[in-house]
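S.K.: As annotated in TrEMBL:
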BINDING   Ala53, Glu74, Leu82, Val118, Trp429, Gly436, Val437, Ile438  FAD binding site
BINDING   Gln199, Gly200, Asn201, Val202, Arg243, Arg244, Glu255, Gly436  NADP(+) binding site
COMPBIAS  322-346  compositional bias 'Polar residues'
COMPBIAS  500-518  compositional bias 'Basic and acidic residues'
DOMAIN    44-211  domain 'FAD/NAD(P)-binding'
REGION    322-352  region 'Disordered'
REGION    500-527  region 'Disordered'
Amino acid sequence: MAFVARLKPRVIGLRGRWPSQVHAPCRMYSLHPAHHTTPEHPLRVAVIGSGPAGFYTTYKLMAKIQGTKVDMYESLPVPFGLVRFGVAPDHPEVKNCQEKFEEVASSPDFNFIGNVSVGTKSDHPDGLTVPLASLFRHYNAIIFAYGAAQDRKLGIPGEDQLKGVYSAREFVGWYNGLPEHASLNPDLTQGDEAVVIGQGNVALDVARMLLEDVDVLRKTDIAAHALDTLSQSRVKRVHVVGRRGPMQAAFTIKEVRELMKLPDVSFHPIDTALLPADLKSLPRAPRRLMEMLAKGTTATSQSPSETSKSWSLDFCLTPKAFSSSSPDSTQGQLASTTFERTTLSPSPFDPNAYALPTGETLTLPSSVAFRSIGYKSTPLPEFSDINIPFDERRGIISNDGHGRVQHEERTRGAEMSHGSFPGLYCAGWVKTGPTGVIASTMENAFATADAIIEDWASRTTPFLNGDRKCHGWEGVRSEVLARGDEKRVVDWQGWRRIDEAEKQRGKESGRSREKFTRTGEMLNALG
(Lines of atoms letter the chains of each structure in order from A and count residues from 1; the text may use other names and numbers.)
(Lines give C-alpha, C1' and ligand atoms only; values in the text may rest on other atoms or scores of the structure.)
Protein backbone atom coordinates (compact mmCIF):
# COMPACT_ATOMS: atom_id res chain seq x y z
CA MET A 1 0.00 0.00 0.00
CA ALA A 2 3.03 2.33 0.26
CA PHE A 3 2.81 3.38 -3.39
CA VAL A 4 -0.90 4.17 -3.22
CA ALA A 5 -0.65 6.11 0.03
CA ARG A 6 1.90 8.50 -1.49
CA LEU A 7 -0.39 9.55 -4.35
CA LYS A 8 -1.65 13.14 -4.37
CA PRO A 9 -4.24 14.58 -6.76
CA ARG A 10 -2.63 16.55 -9.56
CA VAL A 11 -3.90 18.34 -12.63
CA ILE A 12 -2.61 16.14 -15.47
CA GLY A 13 -4.04 14.08 -18.32
CA LEU A 14 -6.30 11.12 -17.70
CA ARG A 15 -4.77 8.51 -19.99
CA GLY A 16 -2.65 5.90 -18.23
CA ARG A 17 -3.18 7.48 -14.82
CA TRP A 18 -4.73 6.20 -11.65
CA PRO A 19 -7.83 8.33 -10.74
CA SER A 20 -6.09 10.12 -7.86
CA GLN A 21 -3.87 11.74 -10.49
CA VAL A 22 -6.45 12.80 -13.10
CA HIS A 23 -7.29 16.28 -14.31
CA ALA A 24 -9.47 18.72 -12.41
CA PRO A 25 -12.95 17.41 -13.41
CA CYS A 26 -11.88 13.97 -12.21
CA ARG A 27 -10.22 14.97 -8.94
CA MET A 28 -12.41 12.55 -7.10
CA TYR A 29 -10.78 11.82 -3.78
CA SER A 30 -7.79 12.10 -1.54
CA LEU A 31 -6.47 9.02 0.19
CA HIS A 32 -7.04 8.83 3.93
CA PRO A 33 -7.48 5.91 6.30
CA ALA A 34 -10.96 4.45 6.40
CA HIS A 35 -13.27 5.24 9.27
CA HIS A 36 -16.36 3.52 10.60
CA THR A 37 -19.63 4.43 8.97
CA THR A 38 -21.78 7.14 10.52
CA PRO A 39 -25.10 8.64 9.42
CA GLU A 40 -23.16 11.68 8.20
CA HIS A 41 -20.47 9.62 6.44
CA PRO A 42 -21.84 6.19 5.52
CA LEU A 43 -19.84 3.71 3.49
CA ARG A 44 -21.12 4.28 -0.04
CA VAL A 45 -20.58 1.46 -2.48
CA ALA A 46 -21.29 1.12 -6.19
CA VAL A 47 -21.85 -2.44 -7.42
CA ILE A 48 -21.57 -2.92 -11.18
CA GLY A 49 -23.73 -5.92 -12.10
CA SER A 50 -26.93 -7.30 -10.54
CA GLY A 51 -26.28 -11.04 -10.78
CA PRO A 52 -25.63 -13.43 -7.87
CA ALA A 53 -22.08 -12.13 -7.28
CA GLY A 54 -23.29 -8.55 -6.91
CA PHE A 55 -26.24 -9.41 -4.68
CA TYR A 56 -24.38 -11.81 -2.39
CA THR A 57 -21.53 -9.32 -1.90
CA THR A 58 -24.08 -6.62 -1.12
CA TYR A 59 -25.96 -8.88 1.29
CA LYS A 60 -22.95 -9.63 3.47
CA LEU A 61 -21.56 -6.11 3.28
CA MET A 62 -24.81 -4.50 4.42
CA ALA A 63 -25.25 -7.11 7.14
CA LYS A 64 -21.79 -6.57 8.61
CA ILE A 65 -21.27 -2.81 8.22
CA GLN A 66 -24.44 -1.20 9.48
CA GLY A 67 -25.49 1.87 7.54
CA THR A 68 -23.69 0.88 4.33
CA LYS A 69 -25.46 2.34 1.33
CA VAL A 70 -25.27 0.40 -1.94
CA ASP A 71 -26.17 1.53 -5.44
CA MET A 72 -26.36 -1.40 -7.87
CA TYR A 73 -25.88 -0.55 -11.55
CA GLU A 74 -27.39 -2.83 -14.20
CA SER A 75 -27.31 -2.22 -17.96
CA LEU A 76 -30.70 -3.92 -18.43
CA PRO A 77 -33.97 -2.71 -16.90
CA VAL A 78 -34.24 -6.04 -15.03
CA PRO A 79 -31.99 -7.59 -12.35
CA PHE A 80 -30.52 -11.01 -11.49
CA GLY A 81 -28.09 -11.58 -14.36
CA LEU A 82 -27.45 -15.28 -15.03
CA VAL A 83 -30.18 -16.33 -12.60
CA ARG A 84 -32.68 -14.86 -15.05
CA PHE A 85 -30.79 -15.33 -18.31
CA GLY A 86 -28.47 -18.30 -17.69
CA VAL A 87 -30.36 -20.84 -15.58
CA ALA A 88 -32.23 -23.37 -17.69
CA PRO A 89 -36.01 -22.69 -17.72
CA ASP A 90 -36.76 -26.21 -16.52
CA HIS A 91 -34.65 -25.57 -13.38
CA PRO A 92 -36.92 -23.15 -11.50
CA GLU A 93 -35.63 -24.34 -8.11
CA VAL A 94 -32.19 -22.89 -8.92
CA LYS A 95 -33.81 -19.45 -9.09
CA ASN A 96 -34.94 -19.57 -5.46
CA CYS A 97 -31.96 -17.38 -4.56
CA GLN A 98 -33.98 -14.48 -5.96
CA GLU A 99 -35.93 -14.49 -2.71
CA LYS A 100 -32.75 -13.55 -0.84
CA PHE A 101 -31.99 -10.89 -3.43
CA GLU A 102 -35.49 -9.45 -2.97
CA GLU A 103 -34.80 -9.26 0.75
CA VAL A 104 -31.58 -7.33 0.08
CA ALA A 105 -33.40 -4.95 -2.27
CA SER A 106 -36.08 -4.22 0.33
CA SER A 107 -33.55 -2.36 2.49
CA PRO A 108 -33.84 1.45 2.43
CA ASP A 109 -30.04 1.50 2.08
CA PHE A 110 -30.19 -0.33 -1.27
CA ASN A 111 -30.80 1.37 -4.61
CA PHE A 112 -31.25 -0.47 -7.92
CA ILE A 113 -30.21 1.60 -10.94
CA GLY A 114 -31.44 -0.31 -13.96
CA ASN A 115 -31.06 0.46 -17.67
CA VAL A 116 -27.75 2.16 -16.90
CA SER A 117 -24.43 0.79 -18.14
CA VAL A 118 -21.06 1.88 -16.81
CA GLY A 119 -18.44 2.75 -19.42
CA THR A 120 -17.72 5.15 -22.25
CA LYS A 121 -19.64 3.13 -24.85
CA SER A 122 -23.31 2.23 -24.79
CA ASP A 123 -24.32 -1.30 -25.71
CA HIS A 124 -28.05 -0.57 -25.83
CA PRO A 125 -29.65 2.45 -27.50
CA ASP A 126 -32.58 2.58 -25.06
CA GLY A 127 -30.37 2.92 -21.98
CA LEU A 128 -28.12 5.41 -20.23
CA THR A 129 -24.35 5.18 -20.02
CA VAL A 130 -22.33 6.79 -17.23
CA PRO A 131 -18.53 7.10 -17.18
CA LEU A 132 -16.63 4.95 -14.71
CA ALA A 133 -14.74 8.09 -13.73
CA SER A 134 -18.02 9.56 -12.47
CA LEU A 135 -18.41 6.67 -10.02
CA PHE A 136 -14.90 7.33 -8.69
CA ARG A 137 -15.99 10.81 -7.69
CA HIS A 138 -19.04 9.75 -5.70
CA TYR A 139 -18.31 6.47 -3.86
CA ASN A 140 -15.97 5.07 -1.24
CA ALA A 141 -15.76 1.70 -2.96
CA ILE A 142 -16.61 0.17 -6.32
CA ILE A 143 -17.29 -3.55 -6.77
CA PHE A 144 -16.98 -4.98 -10.28
CA ALA A 145 -19.41 -7.91 -10.49
CA TYR A 146 -20.51 -7.75 -14.12
CA GLY A 147 -19.84 -11.38 -15.02
CA ALA A 148 -18.74 -12.84 -18.35
CA ALA A 149 -20.32 -11.44 -21.50
CA GLN A 150 -18.30 -13.29 -24.14
CA ASP A 151 -17.44 -16.90 -24.85
CA ARG A 152 -14.19 -18.55 -25.80
CA LYS A 153 -13.73 -19.52 -29.44
CA LEU A 154 -12.36 -22.67 -31.02
CA GLY A 155 -10.36 -20.93 -33.74
CA ILE A 156 -11.04 -23.60 -36.40
CA PRO A 157 -12.12 -23.32 -40.07
CA GLY A 158 -15.81 -22.67 -40.66
CA GLU A 159 -16.49 -21.43 -37.13
CA ASP A 160 -17.33 -17.87 -38.14
CA GLN A 161 -18.47 -18.46 -41.71
CA LEU A 162 -20.89 -21.37 -41.83
CA LYS A 163 -24.59 -21.13 -41.08
CA GLY A 164 -25.55 -23.45 -38.26
CA VAL A 165 -22.55 -22.84 -35.97
CA TYR A 166 -23.60 -21.09 -32.77
CA SER A 167 -22.28 -20.06 -29.41
CA ALA A 168 -23.87 -22.00 -26.54
CA ARG A 169 -23.76 -18.80 -24.47
CA GLU A 170 -25.83 -16.97 -27.09
CA PHE A 171 -28.19 -19.93 -27.46
CA VAL A 172 -28.79 -20.01 -23.68
CA GLY A 173 -29.40 -16.25 -23.67
CA TRP A 174 -31.74 -16.62 -26.64
CA TYR A 175 -34.01 -19.26 -25.07
CA ASN A 176 -33.96 -17.36 -21.77
CA GLY A 177 -35.04 -14.08 -23.36
CA LEU A 178 -31.84 -12.02 -23.10
CA PRO A 179 -32.50 -8.95 -25.29
CA GLU A 180 -29.09 -8.90 -26.98
CA HIS A 181 -29.67 -12.43 -28.29
CA ALA A 182 -33.38 -12.18 -29.08
CA SER A 183 -32.64 -12.11 -32.81
CA LEU A 184 -30.33 -15.17 -32.83
CA ASN A 185 -33.04 -17.34 -34.44
CA PRO A 186 -31.09 -20.63 -34.74
CA ASP A 187 -32.16 -22.85 -37.62
CA LEU A 188 -32.88 -26.33 -36.26
CA THR A 189 -34.60 -27.61 -39.40
CA GLN A 190 -31.64 -28.43 -41.66
CA GLY A 191 -31.00 -31.94 -40.36
CA ASP A 192 -31.44 -34.33 -37.46
CA GLU A 193 -27.93 -34.41 -35.91
CA ALA A 194 -26.40 -31.78 -33.64
CA VAL A 195 -22.97 -31.44 -32.09
CA VAL A 196 -22.29 -29.66 -28.78
CA ILE A 197 -18.56 -29.05 -28.29
CA GLY A 198 -17.71 -28.98 -24.59
CA GLN A 199 -18.75 -31.13 -21.66
CA GLY A 200 -19.67 -28.70 -18.93
CA ASN A 201 -23.14 -28.18 -17.46
CA VAL A 202 -23.97 -25.51 -20.04
CA ALA A 203 -23.30 -28.03 -22.81
CA LEU A 204 -25.66 -30.51 -21.14
CA ASP A 205 -28.28 -27.78 -20.75
CA VAL A 206 -28.09 -27.13 -24.49
CA ALA A 207 -28.44 -30.84 -25.25
CA ARG A 208 -31.45 -31.13 -22.94
CA MET A 209 -33.20 -28.16 -24.55
CA LEU A 210 -32.73 -29.80 -27.96
CA LEU A 211 -34.09 -33.15 -26.76
CA GLU A 212 -36.78 -32.15 -24.23
CA ASP A 213 -40.46 -32.49 -25.09
CA VAL A 214 -41.62 -29.01 -26.07
CA ASP A 215 -44.87 -29.52 -24.15
CA VAL A 216 -42.79 -29.78 -20.96
CA LEU A 217 -41.02 -26.52 -21.79
CA ARG A 218 -44.35 -24.76 -22.40
CA LYS A 219 -44.93 -24.81 -18.63
CA THR A 220 -41.70 -22.91 -17.93
CA ASP A 221 -40.63 -19.30 -18.43
CA ILE A 222 -38.69 -20.09 -21.61
CA ALA A 223 -38.92 -17.30 -24.19
CA ALA A 224 -41.91 -17.60 -26.52
CA HIS A 225 -39.73 -17.32 -29.64
CA ALA A 226 -37.66 -20.28 -28.40
CA LEU A 227 -40.79 -22.41 -28.01
CA ASP A 228 -41.76 -21.67 -31.59
CA THR A 229 -38.31 -22.62 -32.91
CA LEU A 230 -37.92 -25.76 -30.77
CA SER A 231 -41.38 -26.97 -31.78
CA GLN A 232 -40.17 -27.01 -35.40
CA SER A 233 -36.80 -28.63 -34.65
CA ARG A 234 -35.77 -31.73 -36.61
CA VAL A 235 -32.89 -32.57 -34.27
CA LYS A 236 -33.10 -36.18 -33.06
CA ARG A 237 -29.47 -37.04 -32.27
CA VAL A 238 -27.12 -34.96 -30.10
CA HIS A 239 -23.39 -35.53 -29.64
CA VAL A 240 -21.85 -33.86 -26.55
CA VAL A 241 -18.15 -33.90 -27.37
CA GLY A 242 -15.06 -33.40 -25.20
CA ARG A 243 -11.33 -33.64 -25.85
CA ARG A 244 -10.70 -35.61 -22.65
CA GLY A 245 -12.49 -38.47 -20.85
CA PRO A 246 -15.27 -38.93 -18.28
CA MET A 247 -12.88 -38.59 -15.33
CA GLN A 248 -11.90 -35.11 -16.55
CA ALA A 249 -15.33 -33.86 -17.68
CA ALA A 250 -16.75 -30.73 -16.04
CA PHE A 251 -20.44 -31.76 -15.92
CA THR A 252 -22.08 -32.84 -12.66
CA ILE A 253 -24.29 -35.79 -11.82
CA LYS A 254 -27.54 -33.81 -11.66
CA GLU A 255 -27.33 -32.70 -15.28
CA VAL A 256 -26.38 -36.18 -16.52
CA ARG A 257 -29.20 -37.77 -14.55
CA GLU A 258 -31.76 -35.41 -16.08
CA LEU A 259 -30.66 -36.30 -19.60
CA MET A 260 -30.68 -40.01 -18.75
CA LYS A 261 -34.28 -39.74 -17.53
CA LEU A 262 -35.78 -37.86 -20.47
CA PRO A 263 -38.78 -39.84 -21.79
CA ASP A 264 -38.32 -41.46 -25.20
CA VAL A 265 -34.65 -40.37 -25.27
CA SER A 266 -31.89 -42.98 -25.12
CA PHE A 267 -28.20 -42.82 -24.24
CA HIS A 268 -25.52 -44.28 -26.49
CA PRO A 269 -23.00 -46.48 -24.65
CA ILE A 270 -19.56 -45.03 -23.95
CA ASP A 271 -16.24 -46.85 -24.16
CA THR A 272 -15.97 -48.68 -20.82
CA ALA A 273 -12.16 -48.59 -21.14
CA LEU A 274 -12.44 -44.94 -20.11
CA LEU A 275 -14.15 -45.88 -16.82
CA PRO A 276 -12.04 -46.99 -13.83
CA ALA A 277 -12.41 -50.70 -13.06
CA ASP A 278 -12.48 -50.16 -9.29
CA LEU A 279 -15.13 -47.49 -8.81
CA LYS A 280 -15.30 -48.07 -5.05
CA SER A 281 -11.82 -46.62 -4.62
CA LEU A 282 -12.87 -43.23 -6.02
CA PRO A 283 -13.95 -40.26 -3.87
CA ARG A 284 -17.71 -40.01 -3.45
CA ALA A 285 -18.54 -37.38 -6.12
CA PRO A 286 -16.60 -38.91 -9.04
CA ARG A 287 -17.61 -42.41 -7.94
CA ARG A 288 -21.32 -41.59 -8.16
CA LEU A 289 -20.84 -39.93 -11.55
CA MET A 290 -18.88 -42.87 -12.97
CA GLU A 291 -21.48 -45.29 -11.59
CA MET A 292 -24.20 -43.38 -13.40
CA LEU A 293 -22.30 -43.42 -16.69
CA ALA A 294 -21.59 -47.14 -16.30
CA LYS A 295 -25.24 -47.85 -15.57
CA GLY A 296 -26.34 -45.78 -18.58
CA THR A 297 -23.89 -47.67 -20.77
CA THR A 298 -25.12 -51.12 -19.76
CA ALA A 299 -28.83 -50.30 -19.46
CA THR A 300 -31.07 -52.33 -21.74
CA SER A 301 -34.44 -50.69 -21.09
CA GLN A 302 -34.09 -48.22 -23.98
CA SER A 303 -31.80 -48.63 -26.97
CA PRO A 304 -31.24 -45.83 -29.52
CA SER A 305 -33.12 -47.85 -32.15
CA GLU A 306 -36.24 -47.91 -29.96
CA THR A 307 -36.55 -44.19 -29.13
CA SER A 308 -37.33 -41.15 -31.24
CA LYS A 309 -34.31 -39.21 -29.90
CA SER A 310 -30.89 -40.07 -28.51
CA TRP A 311 -27.70 -38.50 -27.19
CA SER A 312 -24.13 -39.46 -26.45
CA LEU A 313 -21.06 -38.33 -24.55
CA ASP A 314 -18.27 -38.54 -27.11
CA PHE A 315 -14.88 -38.47 -25.40
CA CYS A 316 -11.29 -37.95 -26.56
CA LEU A 317 -12.14 -35.82 -29.60
CA THR A 318 -10.67 -32.40 -30.44
CA PRO A 319 -12.57 -30.27 -33.03
CA LYS A 320 -10.54 -29.46 -36.15
CA ALA A 321 -13.01 -28.02 -38.68
CA PHE A 322 -16.63 -27.30 -39.55
CA SER A 323 -17.54 -28.18 -43.13
CA SER A 324 -20.42 -27.61 -45.50
CA SER A 325 -21.71 -29.89 -48.23
CA SER A 326 -20.38 -27.54 -50.92
CA PRO A 327 -16.87 -27.77 -52.36
CA ASP A 328 -15.88 -24.58 -50.54
CA SER A 329 -16.10 -25.78 -46.93
CA THR A 330 -16.08 -22.24 -45.51
CA GLN A 331 -19.35 -21.20 -47.14
CA GLY A 332 -22.99 -22.20 -46.85
CA GLN A 333 -24.76 -24.47 -44.38
CA LEU A 334 -22.93 -26.66 -41.85
CA ALA A 335 -23.02 -30.34 -42.82
CA SER A 336 -20.33 -32.01 -40.71
CA THR A 337 -17.74 -31.51 -37.98
CA THR A 338 -14.29 -33.07 -38.13
CA PHE A 339 -12.44 -34.11 -34.98
CA GLU A 340 -9.02 -35.53 -34.18
CA ARG A 341 -8.91 -38.42 -31.74
CA THR A 342 -6.86 -37.88 -28.61
CA THR A 343 -5.21 -40.09 -26.03
CA LEU A 344 -4.95 -39.22 -22.35
CA SER A 345 -1.68 -38.88 -20.46
CA PRO A 346 -0.51 -40.01 -18.00
CA SER A 347 -3.70 -42.08 -17.54
CA PRO A 348 -7.35 -41.84 -18.61
CA PHE A 349 -8.27 -42.18 -14.92
CA ASP A 350 -6.14 -39.26 -13.72
CA PRO A 351 -8.50 -36.28 -13.10
CA ASN A 352 -5.74 -33.95 -14.33
CA ALA A 353 -4.85 -35.94 -17.44
CA TYR A 354 -4.20 -33.94 -20.59
CA ALA A 355 -5.12 -34.75 -24.17
CA LEU A 356 -2.50 -35.67 -26.78
CA PRO A 357 -3.26 -35.77 -30.54
CA THR A 358 -3.13 -39.10 -32.34
CA GLY A 359 -3.41 -37.96 -35.95
CA GLU A 360 -6.56 -40.05 -36.47
CA THR A 361 -9.66 -38.09 -37.50
CA LEU A 362 -13.39 -38.65 -37.23
CA THR A 363 -16.14 -36.75 -39.04
CA LEU A 364 -19.61 -36.51 -37.54
CA PRO A 365 -22.61 -35.39 -39.59
CA SER A 366 -24.05 -32.25 -38.02
CA SER A 367 -26.49 -29.70 -39.37
CA VAL A 368 -26.10 -27.56 -36.26
CA ALA A 369 -23.23 -27.13 -33.79
CA PHE A 370 -22.81 -25.28 -30.52
CA ARG A 371 -19.51 -24.07 -29.11
CA SER A 372 -19.56 -24.50 -25.30
CA ILE A 373 -15.96 -24.24 -24.11
CA GLY A 374 -16.31 -21.50 -21.52
CA TYR A 375 -17.37 -17.93 -20.92
CA LYS A 376 -15.03 -14.95 -20.75
CA SER A 377 -15.18 -11.56 -19.05
CA THR A 378 -13.97 -8.43 -20.81
CA PRO A 379 -12.58 -5.16 -19.43
CA LEU A 380 -14.77 -2.09 -19.17
CA PRO A 381 -13.87 0.50 -21.83
CA GLU A 382 -12.25 2.90 -19.35
CA PHE A 383 -9.94 0.36 -17.71
CA SER A 384 -7.03 1.21 -19.99
CA ASP A 385 -7.45 4.95 -19.40
CA ILE A 386 -7.45 4.53 -15.62
CA ASN A 387 -4.75 1.84 -15.77
CA ILE A 388 -6.81 -0.89 -14.12
CA PRO A 389 -5.06 -4.15 -15.05
CA PHE A 390 -7.07 -6.85 -16.81
CA ASP A 391 -5.76 -10.35 -17.49
CA GLU A 392 -6.89 -10.91 -21.07
CA ARG A 393 -5.73 -14.51 -21.16
CA ARG A 394 -7.74 -15.54 -18.10
CA GLY A 395 -10.52 -13.01 -18.67
CA ILE A 396 -10.40 -11.56 -15.14
CA ILE A 397 -9.58 -8.32 -13.36
CA SER A 398 -6.18 -8.72 -11.71
CA ASN A 399 -6.82 -9.27 -8.00
CA ASP A 400 -5.30 -10.76 -4.86
CA GLY A 401 -7.65 -13.75 -4.78
CA HIS A 402 -9.80 -12.11 -2.11
CA GLY A 403 -11.33 -9.55 -4.45
CA ARG A 404 -8.97 -6.58 -4.03
CA VAL A 405 -8.07 -5.17 -7.44
CA GLN A 406 -4.28 -5.19 -7.79
CA HIS A 407 -1.59 -3.51 -9.82
CA GLU A 408 2.13 -3.97 -10.15
CA GLU A 409 4.39 -1.44 -8.46
CA ARG A 410 8.14 -1.03 -8.32
CA THR A 411 9.74 -1.13 -4.89
CA ARG A 412 12.66 1.02 -3.75
CA GLY A 413 14.92 -1.88 -4.65
CA ALA A 414 13.63 -1.72 -8.26
CA GLU A 415 11.80 -5.03 -7.85
CA MET A 416 8.19 -5.54 -8.93
CA SER A 417 5.52 -6.32 -6.35
CA HIS A 418 1.75 -6.16 -6.17
CA GLY A 419 -0.32 -3.48 -4.48
CA SER A 420 -4.09 -3.04 -4.13
CA PHE A 421 -6.00 -0.15 -5.64
CA PRO A 422 -7.80 1.67 -2.82
CA GLY A 423 -11.54 1.10 -2.84
CA LEU A 424 -11.66 -1.18 -5.89
CA TYR A 425 -12.90 -4.78 -5.60
CA CYS A 426 -14.26 -7.54 -7.82
CA ALA A 427 -16.54 -10.53 -7.30
CA GLY A 428 -17.88 -13.45 -9.31
CA TRP A 429 -16.65 -14.57 -12.71
CA VAL A 430 -14.81 -11.31 -13.43
CA LYS A 431 -12.76 -12.18 -10.31
CA THR A 432 -12.19 -15.92 -10.76
CA GLY A 433 -13.17 -16.81 -14.31
CA PRO A 434 -16.36 -18.73 -15.25
CA THR A 435 -16.24 -21.55 -12.73
CA GLY A 436 -18.65 -23.16 -10.30
CA VAL A 437 -22.36 -22.86 -9.65
CA ILE A 438 -24.45 -20.34 -7.72
CA ALA A 439 -23.38 -21.80 -4.36
CA SER A 440 -19.71 -21.30 -5.19
CA THR A 441 -20.47 -17.82 -6.51
CA MET A 442 -21.99 -17.03 -3.11
CA GLU A 443 -18.82 -18.16 -1.30
CA ASN A 444 -16.73 -16.15 -3.75
CA ALA A 445 -18.85 -13.03 -3.15
CA PHE A 446 -18.74 -13.43 0.60
CA ALA A 447 -14.92 -13.55 0.40
CA THR A 448 -14.91 -10.22 -1.43
CA ALA A 449 -17.27 -8.74 1.15
CA ASP A 450 -14.97 -9.99 3.93
CA ALA A 451 -12.04 -8.20 2.28
CA ILE A 452 -13.99 -4.93 2.19
CA ILE A 453 -15.12 -5.37 5.79
CA GLU A 454 -11.55 -6.07 6.90
CA ASP A 455 -10.21 -3.06 5.02
CA TRP A 456 -12.92 -0.75 6.34
CA ALA A 457 -12.40 -1.90 9.93
CA SER A 458 -8.60 -1.66 9.82
CA ARG A 459 -8.63 2.17 9.68
CA THR A 460 -5.37 1.98 7.76
CA THR A 461 -6.59 1.06 4.28
CA PRO A 462 -7.38 3.98 1.96
CA PHE A 463 -10.79 4.15 0.28
CA LEU A 464 -12.09 6.42 -2.43
CA ASN A 465 -13.02 9.89 -1.17
CA GLY A 466 -11.98 8.99 2.37
CA ASP A 467 -11.94 12.59 3.62
CA ARG A 468 -15.31 13.83 2.40
CA LYS A 469 -18.94 12.87 2.14
CA CYS A 470 -19.98 10.90 -0.94
CA HIS A 471 -23.34 11.37 -2.67
CA GLY A 472 -23.52 8.14 -4.63
CA TRP A 473 -26.11 7.95 -7.38
CA GLU A 474 -27.38 11.44 -6.61
CA GLY A 475 -23.95 12.84 -7.43
CA VAL A 476 -23.62 10.71 -10.56
CA ARG A 477 -27.13 11.62 -11.72
CA SER A 478 -26.44 15.34 -11.34
CA GLU A 479 -23.49 14.98 -13.71
CA VAL A 480 -25.62 12.98 -16.15
CA LEU A 481 -28.37 15.59 -16.14
CA ALA A 482 -25.79 18.35 -16.57
CA ARG A 483 -24.73 16.87 -19.89
CA GLY A 484 -28.31 16.53 -21.08
CA ASP A 485 -28.85 12.76 -20.93
CA GLU A 486 -32.41 11.85 -20.00
CA LYS A 487 -32.78 8.15 -20.81
CA ARG A 488 -35.16 6.14 -18.63
CA VAL A 489 -33.62 4.83 -15.40
CA VAL A 490 -35.41 1.88 -13.76
CA ASP A 491 -35.53 1.61 -9.97
CA TRP A 492 -36.65 -1.42 -7.94
CA GLN A 493 -40.29 -0.41 -8.05
CA GLY A 494 -39.99 -0.16 -11.80
CA TRP A 495 -38.57 -3.70 -11.93
CA ARG A 496 -41.52 -4.92 -9.86
CA ARG A 497 -43.93 -3.46 -12.41
CA ILE A 498 -42.09 -5.28 -15.19
CA ASP A 499 -42.12 -8.44 -13.06
CA GLU A 500 -45.88 -8.25 -12.52
CA ALA A 501 -46.51 -7.56 -16.20
CA GLU A 502 -44.50 -10.65 -17.20
CA LYS A 503 -46.35 -12.82 -14.69
CA GLN A 504 -49.67 -11.56 -16.00
CA ARG A 505 -48.62 -12.35 -19.57
CA GLY A 506 -47.67 -15.83 -18.40
CA LYS A 507 -50.97 -16.33 -16.60
CA GLU A 508 -52.85 -15.52 -19.77
CA SER A 509 -50.93 -18.21 -21.66
CA GLY A 510 -50.93 -20.81 -18.87
CA ARG A 511 -47.31 -20.31 -17.90
CA SER A 512 -45.44 -19.05 -14.82
CA ARG A 513 -44.09 -16.05 -16.73
CA GLU A 514 -43.73 -14.75 -20.25
CA LYS A 515 -40.64 -12.60 -20.42
CA PHE A 516 -40.20 -9.40 -22.36
CA THR A 517 -37.30 -10.05 -24.70
CA ARG A 518 -36.66 -6.49 -25.83
CA THR A 519 -35.49 -3.58 -23.71
CA GLY A 520 -38.13 -1.34 -25.31
CA GLU A 521 -40.87 -3.78 -24.28
CA MET A 522 -39.64 -3.72 -20.69
CA LEU A 523 -39.65 0.06 -20.62
CA ASN A 524 -43.12 0.22 -22.21
CA ALA A 525 -44.43 -1.93 -19.34
CA LEU A 526 -43.56 0.93 -16.98
CA GLY A 527 -46.15 3.14 -18.61
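Along the chain as shown, residues are numbered 1 onward.
Glycine residues also receive a Cβ, built from the backbone N, Cα and C atoms like all the rest.
Can you tell me where each of these features sits in the structure?
M.R.: The Cβ of Trp429 (FAD binding site) lies under 8 Å from the Cβ of Ala53, Gly147, Ala148, Tyr375, Ser377, Ile396, Thr435, Thr441, each of these being in the same chain and 6 or more residues away along the sequence.
Every protein chain considered, the tally of other Cβ atoms within 10 Å of the Cβ of Arg244 (NADP(+) binding site) stands at 22.
Within the same chain, residues 156-159, 161-165, 190-191, 195, 197, 241, 243-245, 248, 316, 353-369 sit at least 6 positions outside the compositional bias 'Polar residues' (322-346) and bring their C-beta atoms closer than 8 Å to a C-beta of that stretch.
Within its own chain, the compositional bias 'Basic and acidic residues' (500-518) has Cβ neighbours under 8 Å at 92, 176-179, 182, 218-221, 223-225, 525, counting only residues six or more beyond its boundaries.
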S.K.: Counting Cβ atoms within 10 Å of each candidate's own Cβ, which of the binding-site residues Gly200, Gly436 comes out highest?
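M.R.: Sorting the candidates by Cβ neighbours within 10 Å, the top entry is Gly200.
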S.K.: Return the residues near Asn201 (NADP(+) binding site) by Cβ distance under 8 Å, restricted to its own chain and a separation of at least 6 in sequence.
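M.R.: Listed in sequence order: Ala250, Phe251, Thr252, Glu255, Val437.
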S.K.: What is the number of residues in the region 'Disordered' (322-352) that are helix, strand and coil, as DSSP sees it?
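M.R.: Counts, helix then strand then coil: 0 helix, 16 strand, 15 coil.
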S.K.: If you compare CA-to-CA distances from Arg244 (NADP(+) binding site) to each of the binding-site residues Glu74, Leu82, Val118, Gly436, Ile438, which comes out shortest?
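M.R.: Closest recorded candidate to Arg244 (NADP(+) binding site) by Cα: Gly436.
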S.K.: Count the residues of the region 'Disordered' (500-527) that DSSP assigns to helix (H, G, I), to strand (E, B) and to coil, and report the three numbers in that order.
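M.R.: Helix, strand and coil residues of the region 'Disordered' (500-527) number 15 helix, 0 strand, 13 coil.
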S.K.: Give the maximum pairwise CA distance in Å, whole number, for the residues Ala53, Glu74, Leu82, Val118, Trp429, Gly436, Val437, Ile438 listed as binding FAD.
M.R.: 26
